[in-house]
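**Q** Below, the features straight out of TrEMBL:
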| type | residues | note |
| --- | --- | --- |
| DOMAIN | 16-44 | domain '4Fe-4S ferredoxin-type' |
| DOMAIN | 67-96 | domain '4Fe-4S ferredoxin-type' |
Amino acid sequence: MQTFFTPAQRADPALAESEAILRRCVHCGFCTATCPTYVTLGNELDSPRGRIYLIKDMLENDRPATAEVVTHLDRCLSCLACTTTCPSGVDYMHLIDHARMHVEKTYARPLPDRAIRALLARILPYPARFRLALSLARIGRPLAPLFERIAPLRPLAAMLRLAPKGRPAAAPSDVSAKPLASSAAGSKRAIPYGNSTPASLSAAGAEAAPPARRVAILRGCAQRVLDPGIDAAARRLLSRLGIALVDVPGEGCCGALVHHMGREEEALGFARRNVDLWTARIAAGGLDAILVTTSGCGTTLKDYGHMLKRDPAYAEKAARVSALARDITEYLAECDLPALPARGLTVAYHAACSLQHWQKVTLAPKRLLAAAGFSVREPAEGHLCCGSAGTYNILQPEISAALQARKVSNIEATRADLVCAGNIGCLTQIGAATSLPVVHTVELLDWAYGGPVPARLAASARFAAAE
């Protein structure tokens, strides 16, 4: 793409980076075939190519964002399916991030939109506030149909509908819980750990293991409120592998939620705090990895090096943290988990956009599930977003609902017994629209290798009937 930025504009590092991204686009349109909003709406301006033209015009001419431009940029899910498809390597993620920052600096949003975004930014990243908000949402759920009829209040209706109907189940903590009955012999087998003596997948396994790797697990914000059982499952499984779990008090939201709303200073504040805490922990005793069980957060952690590269006080530290960030399935794929007998359960694996399109972690989750004895099926149109996309299902409820219905239809067509994914947003979005139990990948792996039945699966009438 030909650009006409001035020398003065190119002196701005952010603009220079965006120009370089723009110039890689060759207008081929391959991205339109895999863009969820273009597939849903059929509008060129709601495709990556169309948005790139809008962003180029806005940045190149140093124009404030207009209502039309904001409409089309806001409809972008940041799913990054376009980056998987693009033959030219256009770095769309960092371009849309820059555009959203420009929008927040130059555009006065209507009051209802501004208010709902401020509300989300002040609640979701803070677990105590979010927990209280969910309690209030359960009380206010009957008001959702009323809010649905008033356009400015539709995001509130979406929030009420998405809120869990009950309190999240308490996370089980027994690392030596009973394994699957169908594979009791297999799940008690020793797990080879590198080239060392195998360590048993049991509570005693950690004591017999070779010198442990040291890992931290991002606690984050929304997931620890919506489903604390996910991190509990990861901790149990890692403990049975003899891996030392390092707690880092004070770390929290990775900044993704506000980052994708263009609230960059808030996002960088979260990032700097986490970088400081992890850097101190690295200096105190070292870390082999920072594990993430929510792929949306993992994408942001892996991008800290880019987000803070122009901050001389943090650039090097942030790059070090990003280099240590790993999705939980990436890490487990290196732990030589043994193959288990088939257990007669078919899993529909939903590939979260942040995991498959940005992190490029595509094979590890499916291979781990298959090795654990599950039959894995992939739904049609697996590249398309489920419509969750952070706060998208609240801010763009109509498009989100269309994508949700499409995704659930494809999942149910697999005739699987249950659904699994590696991102809390996807679990919540899909779980709200299907009767199938929807669980995290690591919960299934923990269960297969000696942990308790995942709470959502145990609560499923379908599973209870099978038992």
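For all residues, glycine too, the Cβ spot is worked out from N, Cα and C.
Note that the structure is a prediction, hence the values are computed from the model and not measured.
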**Q** Could you tell me the mean pLDDT the prediction assigns to the domain '4Fe-4S ferredoxin-type' (67-96)?
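**A** Average per-residue pLDDT within the domain '4Fe-4S ferredoxin-type' (67-96): 97.
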**Q** I'd like the per-state residue tally for the domain '4Fe-4S ferredoxin-type' (16-44) from DSSP, helix first, then strand, then coil.
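**A** Residue counts in helix, strand and coil order: 20 helix, 0 strand, 9 coil.
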**Q** When the domain '4Fe-4S ferredoxin-type' (67-96) is classified with DSSP, how many of its residues are helical, how many are strand and how many are coil?
**A** 18 helix, 0 strand, 12 coil
